[in-house]
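Colleague: When I checked TrEMBL for this same protein, it listed these features:
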ACT_SITE  Asp165  active site, charge relay system
ACT_SITE  His214  active site, charge relay system
ACT_SITE  Ser531  active site, charge relay system
DOMAIN    156-550  domain 'Peptidase S8/S53'
DOMAIN    383-431  domain 'PA'
DOMAIN    615-728  domain 'C5a peptidase/Subtilisin-like protease SBT2-like Fn3-like'
SIGNAL    1-24  signal peptide
Amino acid sequence: MMWQTFSGLSFLSLASVFASTAKGLRYDQGPAQMNSAHIPFIVPGKFIVEFQDGTGGGGNTVDHFFGNLRDMGIRPVGGLNFTGSSIFEGCSFQVDKTTNPGDILALDVVKNIWPVKSIAVPTPKIVSKGESTKAPIWTSHAGTGVLDMHRRGYMGEGVVIAIVDTGIDYTNPALGGSVGPGKKIISGWDFVGDAWQPDKEPAPNDDIMDCKGHGTHVAGIVAGEPEDGRFISVAPKAKLRGYKVFGCEGITDTSTLIAAFLKAYEDGVDIINASIGGPEGWTEGAWQVVADRLVKQGVFIAMSAGNEGEVGSWYAASGATGTDVLSVASINNEQLYVVGAEARSGNEKKSITYIDTGVGVDGWQLDKDLQVYATSLNISEAADACVPLPESTPDLKGKLVVVRRGTCTFAVKEKNVAAKGGQYLMFYTDDRPVSKPTVEKATIKYIGMLDAPTGVYLVNSFAAKKKTSVFFPKGGIVIPNNTTGGYASDFTQWGPSWEAFMKPEIGAPGGNILSTYLMKEGGYAILSGTSMATPYISGIAALFIGKTGRSRNLDVGAALELKKRIISSGRTLDWNDGKRTDPDKYAPIAQIGGGYVNATKVLTYDTSVSPAKLELNDTMFFKPEHFIDVRNSGHSVVKYTVTHLPIDTFYTFEPGYTTPKIFPPNLVEGVASVQFSSAVFMIGPGMEFSFKVSFTPPQGLNEVLLPVYGGKIVITGDNGERLEIPYLGIGGSIKAQKVWDQGWGIPQIQSKEEPIADQPHNFTLQGDDRPIFTFINDWGSREIRVDVVTADWIERDWRYPPVVGENQFVGSIVTADDVAYPSYFETRHNRLQPDLESTRFNWTGAVSDGSNQTQIKPGKYRFNMRALKVFGDPGLAGDWQSVTSPVFTVLDVSNQPAP
């Protein structure tokens with residue numbers, strides 16, 4: 001494969017280098033898409049093409065391709081060259097944003113074309129970080145069987161895992177201290193350079209030093225080996241290769257990710273871990289296609305499901321939506337590491353927690369006892385310490401001064417306590433949540449906040465003249481997570497995909513996970529995110545490959561079989577909404593797929609199944625019958641029993657709404673019914689048995705609200721083995737869902753910030769006298785168009801693809817912003833974040849025919865805005881949601897005096 005940069009026809013060979021976009025090329029994201037770390041955005045005018053089979057590969061193919069583009073009047077600027085790959089022959093390149101990808105696809109040399117999308121580094125929740133992030137007993141393996149596998153000697157030895165991420169801080173002793181043969185990290189490659197930003201040229205190099213911390217944390221989860229044993233990784237004897245795809249600004253794109261995946265494959269890795277992505281929900285993206293091909297070549301790939309669970313269902317992540325990759329949800333750790341202390345009153349001891357603002361997130365680290373002093377014995381006194389403390393106040397040096405929150409600022413209270421020698425100040429809150437008390441230029445170094453009950457307890461104990469103190473240990477403490485431990489994290493992102501595929505497919509510990517971190521920030525951290533759950537699955541995969549020896553070099557089918565073993569190992573979980581657990585309900589399949597992973601089943605079971613998940617689709621494309629193959633690889637005859645475990649259904653929408661309900665969903669009564677051709681059967685050693693499963697969707701549900709239902713087909717053997725095959729279906733029509741809520745006036749066209757009513761309108765297209773568009777997508781669409789048509793255009797004039805000058809088609813609009821239309825593989829907007837709730841752009845007055853743009857002539861026109869429905873045929877007008885504007889007039893200002 002050729003790793004080189006190209007620009008036009010001038011090639012510069014750089015051995016082992018994926019290099020740059022053109023100098024000054026921007027990865028623009030558009031006005032409604034800025035400052036986001038969550039959604040993959042189309043880079044206007046940047047594409048990835050795959051060449052036809054048999055084109056020869058190498059520079060000659062790209063040379064020929066670029067020549068064809070120039071013949072069409074398109075001026076390409078080179079990007080990444082993937083020619084020579086046995087997996088994907090193609091390249092990325094930049095053209096004018098008005099270029100029609102359909103014209104490029106029509107070239108004989110081109111097999112496929114995709115838009116390049118930018119992706120921001122995931123932002124997991126930082127719970128704690130620093131050298132003192134150490135607990136006396138810490139594990140995230142309580143419910144997974146990983147420790148049992150370690151005791152049996154399975155540690156991932158001989159397995160190589162690619163960490164495609166922000167890089168790795170290889171100086172961390174728990175990750176080997178350096179990079180090279182024989183080390184924990186055996187090699188690495190940086191595709192972009194630390195200084196890379198959207199408007200700068202990448203600077204590839206061989207230094208994978210992490211400047212974000214994310215990749216370092218991921219690496220430690222899968223294979224870290226702390227000398228002091230503060231945590232145990234999943235596959236501590238596995239080796240790593242690092243592939244850095246983010247600069248310190250935290251942006252990458254799908255072409256860079258493809259480059260990293262292909263290089264990892266050529267470097268011989270067994271597993272690729274990519275804790276990267278953002279909401280998208282389509283299987284056909286270029287990154288997804290490449291990943292799926294690698295899985296078919298025997299490389300196991302795990303990707304994170306995403307951390308936008310609060311947005312609700314139908315928000316599946318980009319890379320993880322690939323058909324054959326494994327999409328991973330997060331389960332909360334069954335232990336919590338908290339900044340804690342111990343309150344001592346008389347003979348009573350009580351564990352307490354607090355928020356620290358004095359020295360960071362690691363706690364006060366005093367390792368000593370502080371006597372409590374309350375500035376007021378009245379627990380209702382909001383003005384506590386708002387005036388100078390009384391003359392009778394003792395010297396507060398060395399005491400823990402407890403002050404109620406309220407009335408005046410934290411700074412005023414801090415000043416008054418400091419005036420009496422206070423060194424340790426602990427506020428306690430009122431009826432508001434605990435928060436960090438901000439004190440600018442504080443005199444007191446140690447400042448924190450307690451919850452109201454703890455503060456009241458300390459004040460009342462002090463008032464009762466009990467000897468009351470608080471002991472502050474170094475580091476944090478471990479407490480059981482009795483509220484959410486062992487249940488799905490409320491942040492874990494929900495599926496299904498837009499085409500009703502089950503995503504995510506399995507869950508693993510991802511909430512409150514201790515692992516390695518940047519050495520300059522203490523070397524360790526506790527983070528929460530599906531980014532943490534994904535390397536857990538990669539670690540289990542390493543244990544399996546290390547145990548069985550079924551690497552890609554020996555068995556290209558092993559990766560797909562391993563995926564099946566992992567999904568079917570999942571344990572069904574009770575429903576938890578982040579606040580409480582309902583033992584009478586189960587977590588929906590669309591949230592956690594197969595459930596909580598079990599390494600013991602993955603590595604040791606003789607029983608295996610295929611397929612490991614069943615996708616029933618929606619009412620229009622319902623698949624009622626499925627066949628399941630059960631294999632017994634053991635040495636004895638096993639009797640198997642098949643049962644149905646229905647799991648709770650939820651409605652996508654609330655009545656009257658067209659965007660999916662935010663978390664938590666409304667769980668409703670109604671489950672599918674299931675029949676088996678054989679419910680009990682015997683399988684001899686080394687033999688298989690196949691049976692049919694017939695489904696009837698839930699009855700009596702409101703299909704307008706689009707119910708999502710699911711359950712498990714449970715296979716139990718008399719050898720003690722139990723596997724669960726999840727299924728998922730949709731009660732209603734996905735295709736019937738509209739992208740835009742026209743009842744709310746979306747899409748909206750404005751003139752000088754005033755909506756255009758249903759009557760003709762005039763534009764000069766000068767200054768701010770031009771149309772402004774606002775889109776809010778409530779549903780996904782493969783293609784969204786904004787076209788200019790003649791005033792007499794009607795819906796039956798629609799043809800696909802439209803041709804300028806035919807059927808009243810004038811051209812696609814050219815925006816004044818960094819968005820381009822047509823736009824492809826769109827997901828829905830996130831109404832919970834102001835910068836993600838809509839797409840807003842201006843029209844320049846130019847239209848494009850796909851290759852060239854021209855300024856529109858004075859005259860009467862309409863705008864036709866179209867969104868292709870899921871499963872829609874673009875050639876059928878009825879498969880689009882179509883919105884046509886009133887007639888507008890572009891005025892002739894050529895003879896008007898200049899302003």
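Backbone N, Cα and C atoms are what each Cβ position is placed from, and that goes for glycine too.
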Colleague: So if I measure Cβ to Cβ from Asp165 (active site, charge relay system) and keep only same-chain residues at least 6 apart in sequence, which ones fall under 8 Å?
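Modeller: The answer is Asp210, His214, Gly215, Val218, Ala219, Gly242, Tyr243, Lys244, Val245, Phe246, Asn273, Ala274, Ser275, Ile276.
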Colleague: Counting only residues 6+ apart in the same chain, whose Cβ is under 8 Å from the Cβ of Ser531 (active site, charge relay system)?
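Modeller: In sequence order, Pro122, Pro124, His214, His217, Val218, Ser275, Ile276, Ser304, Asn307, Gly510 meet the Cβ cut-off.
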Colleague: What's the number of neighbouring CB atoms sitting within 10 A of the CB on His214 (active site, charge relay system)?
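Modeller: For His214 (active site, charge relay system), the count of other Cβ atoms within 10 Å is 27.
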Colleague: Check the domain 'Peptidase S8/S53' (156-550) for me and report the mean pLDDT.
Modeller: 92
Colleague: Which residue counts does DSSP yield for the domain 'PA' (383-431) in the helix, strand and coil classes, in that order?
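Modeller: Breakdown, helix to coil: 9 helix, 11 strand, 29 coil.
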